Amino acid sequence: MGDEEVQALVIDNGSGNVKAGVAGDDAPRSVFPSIVGRPKNPGIMVGMEEKDAFVGDEAQTKRGILTLKYPIEHGIVTNWDDMEKIWHHTFYNELRAAPEEHPVLLTEAPLNPKGNRERMTQIMFESFNVPAMYVAIQAVLSLYSSGRTTGIVLDSGDGVSHTVPIYEGYALPHAIMRLDLAGRDLTEYLMKILHERGYGFSTSAEKEIVRDIKEKLCYIALNFDEEMKTSEQSSDIEKSYELPDGNIITVGNERFRCPEALFQPSFLGKEAAGIHTTTFNSIKKCDVDIRKDLYGNIVLSGGTTMYEGIGERLTRDITTLAPSTMKIKVVAPPERKYSVWIGGSILSSLSTFQQMWITKEEYDESGPSIVHRKCF
């Protein structure tokens, strides 16, 4: 490491995965599941160092003997003891960096409750002794990573989706929409519809297989009804998938029926509006003078926006809803799975950002509420 500048650490805490790395890098060094596992029957795990908790991939591989918990639900931290375990694992096992030596940039969900932001700040300064930290809204970082400061971000991950209108770098809270429908729901829906085909996936290990099928084979139809008709008349859309045990299964119209739920949440028994309508409603809540800039800069972010065909379909559906004179542009950056992290890496490397950090001195003077004055 160069002496001239201490590198900041960037940690994007998602419901499904933690993305962590060093500011200035173009991709996170570490991506691991946001899970903490504790032994089901403490004291009987022979030959294992008596650990009271396992984090990430290690928890995943030992899941047969553990009770797994996700401390981040729908984008919001709900279990602070487990969250602290995840951060500890991130610093010491994944990044192998001493937190007391680096400024730390954390990310938060849009509309994160005030108490949560204070708790994050407190844990960083008091448990990890960081010299400085900052909390940034995930969608804002995604927009930065696309090279924009104005636009609307549709951020859809594993636990939650949001539409976040941003003007000149600031999120507009009154117009943010949250949709509790994301990757985990789509994986569960795919399990259900594969069941109808006679493939029984039920355990948590099998759920991981279905997630892989989803990521490798699913796509979004431009016109759902036509795609259904086509799939009934030909077997062109059928693909085979080899299971870990060597068996091969065939996946047909499930390939596009699964992610269609993003546009038709009623498939999952949810009353919510689809992502196209949610984006449109979010824009409608904004001042009429900035709507043109939002319609022309609809930026996709998060792993659940990775489906082939999503850009074309969103463009089509939003064009149908919007005023006819409006130019609609959907931007789908290829690296959007990690664009929140990349935006954090960019932001924390800027020379102009260096005065934005909350320092240990400021924290000691003002306490956790300093986060509301410095991070917005």
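One is the number of the first residue shown, and numbering goes on along the chain from there.
Each residue, glycine too, has its Cβ placed from N, Cα and C.
Pulled from Swiss-Prot:
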BINDING   SER15, GLY16, ASN17, LYS19, ASP158, GLY159, VAL160, LYS214, GLU215, GLY303  ATP binding site
REGION    40-61  region 'DNAseI-binding D loop'
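A map of Swiss-Prot features onto the structure.
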{"residue": "SER15", "record": "ATP binding site", "DSSP (3 states)": "coil"}
{"residue": "ASP158", "record": "ATP binding site", "DSSP (3 states)": "coil"}
{"residue": "GLU215", "record": "ATP binding site", "DSSP (3 states)": "helix"}
>> As a test of the contact definition, list every same-chain residue at least 6 positions from ASN17 (ATP binding site) whose Cβ is closer than 8 Å to its Cβ.
In response: VAL31, PHE32, PRO33, SER34, ASP158, GLY303
>> Within a 10 Å radius of its Cβ, which of these binding-site residues (ASP158, GLU215) has the fewest neighbouring Cβ atoms?
In response: GLU215
>> Mean pLDDT across the region 'DNAseI-binding D loop' (40-61), rounded to an integer, is what?
In response: 79
> So for SER15 (ATP binding site), how many other CB atoms are inside 10 Å of its CB?
Replying inline: 21
> Within 10 Å of the Cβ of VAL160 (ATP binding site), how many other Cβ atoms can be counted across all chains shown?
Replying inline: 26
> If you measure every Cα to Cα distance among SER15, GLY16, ASN17, LYS19, ASP158, GLY159, VAL160, LYS214, GLU215, GLY303, the residues said to bind ATP, what is the biggest one in Å?
Replying inline: 21
